[in-house]
Amino acid sequence: MASMVQFPSIFLLLLITLGSTSAQLSSNYYSKTCPNLFNVIRPVVQAAISKEKRMGASLLRLLFHDCFVQGCDASLLLDDTRNFKGEKNAKPNKNSVRGFEVIDQIKTAVERVCPGVVSCADILVITARDSVVTLGGPTWSVNLGRRDSRTASFSGANNNIPPPTSSLSNLISKFSAQGLSTKDMVALVGAHTIGQARCTTFRKRIYKEKNIDVSFAQARKSNCPKSSGDNNLSPLDLQTPTGFDNNYYKNLINLKGLLHSDQQLFSNGSTDSQVQFYAQNTNSFNNDFVTAIIKMGSINLLTGSNGEIRKNCRKIN
């Protein structure tokens, strides 16, 4: 009889233990501890994008590169030290990810009104949302309550983030490893409707690949010579490079994907129909992007008493 009495409580404990950490997040997590949080962050994001339109894409990209390594724990923001190897100098990030100084500004502003309360991981999520909205994209309710890691993974950054040379199968595999479906992947890569890429990431495509619009490739070559100009920039979406819309997918249909990995989404493969659908349905793209980025923002979270709330996003307390 004793074991029968104990069973429900043990079962309940199992359910709680097995429950998704995302269930611990809440859209009103800081409603009492930092009620003006959104009003503190938004103007800093808007000012940064007003100063440099490209920054919106850079801030959004920080969330992608953070969540794909150890989960959404702000590990990407940690600087290297003599005794600590972070993720910033891993191949996908070095001379590529940017916007850290804007995160510093936001953290400073938040600490001024709510010291020791808001995690850097949550700041990345809010900043990504505000960047999309500022550039004309959809808005959504952000779930909060993440905590910051005390660790980072250089190898994870090198292995988990799909490179611009990725095949479709590699893209599907890398996203699947994070619990994201192929549908999620196609929607999330639509973030390439904003931002710019360095010549070194698309040189091989414009000079050697066949599934590319000839005039598009020729125009890109003027700013991306065969053997120099590695850091010269070109918009990922030539039509509206600072507007969050569905033109990215229209470009793919016209063989004007800048990166090899971009054009792989529309290259006689399993994702062609989804690309065509988004090219014709802006609202569907927006809705699916929101669903997918909320899902991505719930990868391998630190919540409760795990991790910490960093005082400075660049270093552990």
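Just so you know, glycine gets a Cβ as well, placed from its N, Cα and C.
TrEMBL lists H65 with the feature active site, proton acceptor. Annotation source TrEMBL lists Ca(2+) 1 binding site at D66, V69, G71, D73, S75, E87. For P162, the entry in TrEMBL reads substrate binding site. The feature heme b binding site is assigned by TrEMBL to H192. If you look up TrEMBL, you'll see T193, D237, T240, D245 marked as Ca(2+) 2 binding site. According to TrEMBL, the disulfide bond annotation covers C34-C114, C67-C72, C120-C313, C199-C224. Sequence annotations record features per position, and here TrEMBL assigns domain 'Plant heme peroxidase family profile' to 24-317. Annotation source TrEMBL lists signal peptide at 1-23. The site 'Transition state stabilizer' annotation in TrEMBL covers R61.
Mapped onto this structure are the features recorded in TrEMBL.
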residue	record	contacts (Cβ under 8 Å, 6+ apart)
R61	site 'Transition state stabilizer'	V97, G99, A191, G195
H65	active site, proton acceptor	L76, E87, P92, N93, V97, A157, I161
D66	Ca(2+) 1 binding site	C72, D73, A74, S75, L76, L77, A121, L124
C67	disulfide bond	Q178, M296, G297, I299
V69	Ca(2+) 1 binding site	S75, L76, E87, A152, S153, G156, A157, N160, I161
G71	Ca(2+) 1 binding site	I299, N300, L301, L302
T193	Ca(2+) 2 binding site	L236, D237, T240, G243, F244, D245, N246, N247, Y248
Exercise. In the same chain, outside D66, V69, G71, D73, S75, E87, whose C-beta lies within 8 angstroms of the Cβ mean position for the Ca(2+) 1 site?
Worked result: H65, C67, F68, Q70, C72, A74, L76, S149, A152, S153, G156, A157
Exercise. Under 8 Å Cβ-Cβ from C313 (disulfide bond), six or more apart in the same chain: what's there?
Worked result: A74, L77, F100, I103, D104, K107, C120, I123, D148
Problem set entry | Long-range Cβ environment of H192 (heme b binding site), under 8 Å and at least 6 residues apart | L236, D237, Y248, L258, L259, D262
For this session: Determine which residues of this chain, when T193, D237, T240, D245 are set aside, have a Cβ within 8 Å of the centroid of the Ca(2+) 2 site's Cβ atoms, and list them as they appear in the sequence.
Result: I194, Q239, P241, G243, F244, N246, N247, Y248
Seminar exercise, completed: For C199 (disulfide bond) and the residue listed as 'substrate binding site', the CA-to-CA distance in whole Å is 17
Exercise. Out of S75, T240, which of the binding-site residues has the smallest number of neighbouring Cβ atoms within 10 Å?
Worked result: T240
Exercise. Least buried of the disulfide-bonded residues C72, C114, C120, going by other Cβ atoms within 10 Å?
Worked result: C114
Problem set entry | Proximal residue to C224 (disulfide bond) among recorded positions C34, C114, P162 (C-alpha distance) | P162
Seminar exercise, completed: Most isolated by CB count within 10 A, of the binding-site residues D73, E87, P162, is P162
For this session: Might you list, by sequence position, any residue in that chain lying six or more from C34 (disulfide bond) with a Cβ less than 8 Å away from its Cβ?
Result: V110, V113, C114, V117, V118
For this session: Rank the binding-site residues D237, D245 by the number of other Cβ atoms within 10 Å of each Cβ and report the first-ranked residue.
Result: D237
